[in-house]
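Right, one structure below, let's go through it.
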Amino acid sequence: MKKIILLGATGSIGTQTLTIIRENPEKFQLVAFSFGRNIERGRAIIQEFKPKMVAVWHTRDRVTLESEFPDVKFFNGLDGLREVATYLDGDVLLNAVMGSVGLLPTLDAIEAGKAIAIANKETLVTAGHLVMQAAKEKNISLLPVDSEHSAILQALNGENRERIEKIILTASGGSFRDKTREQLSEVTVKEALKHPNWNMGNKLTIDSATMFNKGLEVMEAHWLFGVDYDDIEVVIQRESIVHSMVQFVDGSFIAQLGTPDMRMPIQYALTYPDRLSIPYEKEFRITDFSALHFEEVNYERFPALKLAYNAGKIGGTMPTVLNAANEIAVAGFLNGQVAFYNIEALVENAMNRHTSISNPNLDTILQVDQETRAYVKTLL
């Protein structure tokens with residue numbers, strides 16, 4: 001029985017994680033979780049799973065729930081996330097919060113000796129050098145929840161990582177993959193949130209459309225697998241059936257295929273190196289796909305991906321700037337303050353004005369993050 005701590009329980013990844021826990025009560029127990037603003041959903045999770053500790057974002061929600069569930073310990077805010085992440089009785093932390101707010105709880109959980117299943121890619125983007133060093137010192141493996149990185153992990157099982165020629169991350173191309181740059185000037189939030197293959201949260205769906213999401217995944221792969229940026233390639237795979245591939249020095253490829261269902265990588269992170277069956281509505285049959293299509297990425301069409309590669313290669317605090325600027329720009333788009341077409345421009349503006357600080361400590365990363373957010377907000 002693995003005792004699970006789940007950060008971001010009411011989001012897309014969190015909700016699907018709860019499905020896995022619900023379907024495997026003999027394998028998993030939810031002992032602590034966090035949620036943001038959806039108190040009705042949070043209340044329902046408490047009633048169903050009966051956790052010992054819960055973190056909410058707002059003080060008023062903590063006060064409300066404390067009166068309803070006197071046997072549960074409640075915390076709120078970032079401090080609450082950090083308390084829950086290190087809950088003594090938890091075995092595994094699955095971090096599914098969105099944004100750089102997930103960094104400190106992850107570092108705390110590593111220090112506390114928890115196994116880490118990481119869906120919060122911003123943690124590695126902003127502080128990969130600190131996180132990987134901390135995990136190494138504690139002899140803790142970070143198991144990826146992203147479908148692409150889970151695919152790479154599976155492709156590398158039993159392989160010598162020194163024999164990697166290239167990591168190939170696949171991308172659907174997002175909701176606007178067939179539109180020109182000129183056509184993007186008129187797109188709406190509603191249109192942007194229609195992903196062709198995956199069911200994801202709003203922020204992630206927009207990031208998929210710009211391909212900032214794939215850029216963050218490139219940086220994540222760099223840290224998780226120790227591969228240089230020049231040896232990480234992104235290709236468009238329209239069907240989202242091939243989740244990613246590894247090319248080896250002998251020219252062979254190992255790929256992981258499967259239905260575009262996030263339960264698969266989530267469950268694999270929780271059961272690694274074991275596997276459990278998953279009840280699908282429709283069985284995946286490879287013969288249903290008479291052809292799989294692969295295309296090179298047009299970096300003029302998707303400048304966000306080029307910005308991400310540049311930020312990763314520059315290193316230091318530049319990935320923090322890219323991530324923080326993108327979070328504010330996407331929030332501005334979702335709130336109607338920014339045109340979709342201008343998301344990349346805002347990020348590029350923030351990067352151009354920043355001089356990267358090499359090998360930053362945690363305080364520097366947090367300071368740069370806040371300064372970048374404040375600056376981009378002035379541009380909305």
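Cβ coordinates come from backbone N, Cα and C, glycine included.
Cross-referencing G201, G215, G226 with the NADPH binding residues that Swiss-Prot gives (T10, G11, S12, I13, G36, R37, N38, N120, E122) picks out G201. The candidate list E83, E186, E191, E217 contains one residue that Swiss-Prot assigns to the Mn(2+) site with D146, E148, namely E217.
Proximity note: of the listed binding-site residues (T10, G36, D146), D146 have a CA within 10 Å of the CA of K121 (1-deoxy-D-xylulose 5-phosphate binding site), given in sequence order. The Cβ neighbour count for S12 (NADPH binding site), using a 10 Å radius and every protein chain shown, is 20.
Around the Cβ of T10 (NADPH binding site), 21 further Cβ atoms fall within 10 Å across all displayed protein chains. Under DSSP, G36 (NADPH binding site) is assigned to coil, being neither helix nor strand in the three-state scheme.
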